[in-house]
């Protein structure tokens, strides 16, 4: 008998501190009007000093586990998608596993930048649907404020901190229908934080650098392709999509992708206005919001998609 993986709980967490566009006006040469016109972003959340990716992940995980109606001890796989880990090693997943009071089962990080949650969810699906895992915890958690050059108005206005999580369980009823992952390392310099450590010293800039126009054109192209790939694999049409939950990078990327796919705006979940770009956390944050406010309902087709530095990109098609 074929087995599938199904999302049975979602959770999220946003740091208390909110940084508005008006506050950014006093920090860097920008304006609320300029930011909103180009990105759609009104505000973003910023982690407190000493608040790490694992701390945000812990709160989101607790909410997802509670929503799933299980105990932390039932989790037998932890995957954390992050570009801003607590430390070089051990993995943030191992740190999170310990904070949850569990041990013994696999725990590891996935680093695919803003596609990280898509990569992590696809990986967990393979574990769960094959019987290698019963209940998987998948988390996207980021503290991008730590790698931000707050003097660079082209990047510092874009990003925020946060975490989102889901619990995936094995089921006879289809949940995740298919996943589709891609990468092209020839674009590795287009969007990066190119620092490295040699002999205890940081070489290169630890801050985000980005060629915005290249990112925009590439993102719209491959996000459309990733959704079409998922639809074709399941003999579905764009009209069959109940909800598109994209990576929340920029409102123009989101609306341009939806328009190319012929998906009306009212079927697109948008949180970038309030959260900014939270990288690997953006998709699970948006998913949790749409689940908790009742938009996502049983039996609906939900497409999750993301694109990030590398470039990496992908999609996951879910029957809720």
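Glycine residues also receive a Cβ, built from the backbone N, Cα and C atoms like all the rest.
Residues or ranges marked as active site in Swiss-Prot (evidence: sequence analysis): 114 (among others). The C-beta environment of residue 114 (active site), restricted to residues of the same chain at least 6 apart in sequence and closer than 8 Å, consists of 247, 249, 277, 279, 280, 282, 306, 307, 308, 309, 312.
Residues annotated as active site in Swiss-Prot: 247 (among others). Of all Cβ atoms in the shown protein chains, 32 besides its own fall within 10 Å of the Cβ of residue 247 (active site).
Annotation source Swiss-Prot lists region 'ACP-binding' at 248-252, citing sequence analysis. Along the region 'ACP-binding' (248-252), the predicted structure has mean pLDDT 97.
Residue 277 (active site) falls within a strand segment according to DSSP. What Swiss-Prot records for 277 (among others) is active site.
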Checklist line | residue 277 (active site): tally of other CB atoms within 10 A of its CB | finding: 23
